[in-house]
Amino acid sequence: MVGMGGPVATFSVWDYVVFAGTIVGAAGVGLFQAFRGRKENSSAEFFLGGRQMSAVPVAMSLTASFMSGVTVIGTPAEAYLYGTSFWLFGIGYVIMSLVTAEIFVPLFYRLGITSAYEYLEMRFSRLIRILGTFMYTTQTVGNATQFITGMDLWGVLVATGAVCIVYCTLGGLKAVIWTDVLQMVIMLAGFVAVIARGAVLQGGLDKIWEDAGQGGRLETFNFDPDPLKRHTFWSMTIGGSVTWMSVYAINQSQVQRYISCKTLRHAKMALYVNMVGLCVTLSLAMLSGLAMFSIYKNCDPFTNGDVGSTDQLLPYLVMDILAVYPGIPGLFVAAAYSGTLSTVSSSINALVAVTVEDFIRPVWKNLSCIFYLLHLKSIHGVLIVLCPQAALSIFGMLSGPLLGLYLLGMLFRTANSIGGLTGMFLSLVLTLWVGIGGQLYPPTADKTNPLPLSTTGCNNTLQSNMTTEAKYSTDLLVRPPLADFYSLSYLYISFLGALTTIVIGLLVSMITGGCKQGKLNSQLFVRKSDLVCFSCSRKSQVEFLDDRACRSYKPLSDIPLLYDEPQFSS
């Protein structure tokens, strides 16, 4: 019986058919784009889609790339365990979108760069560019692997890598973007199926909402200023906006998509449409979690031992309530898999772009595009699929210092390469220290605030009513005094890293004499004309990106407009 605990159904033939159809569909879209509309095999065509992409598909690709398997599986579990405070991420999405669209996108689009890390060399030095690229490569391989290591079958892992390598290699960025569109639709369909079935079983959305309120799941706004609390209004809005800014403002996967747009107006519009997509996806994921709580309010599968981890809660729910409809469980697994597929494909394409632009092209300037396609994408695809799990938790620790470095360069003319390098290094040490400490000494239950979960309604349990709080607690007797500092909310780690880079970078720059103003190019900084709504954007802002630049790559050093001096360093 639904919601009463115990074993659930397994996949039917139709579920496997639907799931396999997802893989075939993704490969088909990639292959179709590989042979449709390609004018030439240039790096601009493969890495930037010929700079002719429109806002809507790019926006859906932006959403799908990072609304991944973690969102499909993890966000509903978050609502189930901790309530609706996670919904406040929507405010962070709005802040992130405004800052990224009005500050970062105009600058990157104006420079016409392929790798986001080209900016670091133009503003600071070659060494800082290489370090930035290395940090991105490290965090991206781990980040992509995180979304696929939840699968138990190596066959699924190999299929993920094979499909992504095929359509990334043959279709380039266009294939990645249009495949993301398909995967975004599948992800949303999976959420809708769970919510609709849950509403039918529970007697409507009103009943789901009522159960959530009675279970304490609707206490969204917690204005406690304590930075050690896992989720508060401040951590979700301030820390959340900076965390997501490190993803959407400077991440190579996202910057590639902005630059691929046909105009600056389309690039900005893509971000704002993406903002709506993020909020819609977040809302559907949260409603799925509340529906799950309504069904299991009297028999928690986690406490009852029906699932081994909280990540298995939503898949368990799907098989419990949707198994009577052959093919629908397969749709949900396809939704989670689509998140994985979009993340891996985006990572492969972005990793190849930064490898070519930051490591290979400066050494072998005449290497052909065929080499990039047939070798590098295959190599990076294999690395992402086979990367060890040890690299999974470093994304937040690395992204904050990098974001701070970009803000330092864009906003402060006095910042020099010595200050930037020192600030980034010390910031990285700090975030790694806090992040690793948080893994060794997890926060106690009074900081994470898990909500009670009952097992009184389970058919197969001998336990009395109990909660999961003990599962999240740590023995206070073995915690050193410094352990409480490691309880800093994970949402503040990027904020801490960015702030540390900026403050130390400015101080060291002033001590070392600042940046020589004669070497500064005004196009490397945020300008007042950038801070306008996309509807006021003018085509003249990007007139240097003519048809020739779109059809074939020219090294930035060959574009006189970008450089007043051959090197930007102190």
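For all residues, glycine too, the Cβ spot is worked out from N, Cα and C.
Annotated in TrEMBL:
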- 16-35: transmembrane segment (TRANSMEM)
- 55-74: transmembrane segment (TRANSMEM)
- 130-148: transmembrane segment (TRANSMEM)
- 154-173: transmembrane segment (TRANSMEM)
- 185-205: transmembrane segment (TRANSMEM)
- 232-250: transmembrane segment (TRANSMEM)
- 271-296: transmembrane segment (TRANSMEM)
- 316-337: transmembrane segment (TRANSMEM)
- 369-386: transmembrane segment (TRANSMEM)
- 392-412: transmembrane segment (TRANSMEM)
- 424-441: transmembrane segment (TRANSMEM)
- 490-511: transmembrane segment (TRANSMEM)
> Any contact between the transmembrane segment (16-35) and the transmembrane segment (271-296), i.e. 3 or more CB pairs below 8 Å with pairs at least 6 residues apart?
Replying inline: no
>> With pairs fewer than 6 apart in sequence excluded, do the transmembrane segment (316-337) and the transmembrane segment (185-205) have three or more C-beta pairs that lie under 8 Å?
In response: yes
>> Same chain only, please: residues at least 6 beyond the ends of the transmembrane segment (316-337) with a C-beta under 8 Å from a C-beta of the stretch. Say none if there are none.
In response: 2-3, 8-19, 21-23, 69, 72-73, 156, 160, 186-191, 193-194, 197-198, 201, 292, 295-296, 301, 306-307
> Do any residues of this chain, six or more beyond the ends of the transmembrane segment (424-441), have a C-beta under 8 angstroms from a C-beta of it, and if so which?
Replying inline: 128, 131, 135, 393-394, 396-398, 400-402, 404-405, 474, 479-480, 482-483, 485-488, 490, 493-494, 496-498, 500-501, 504-505
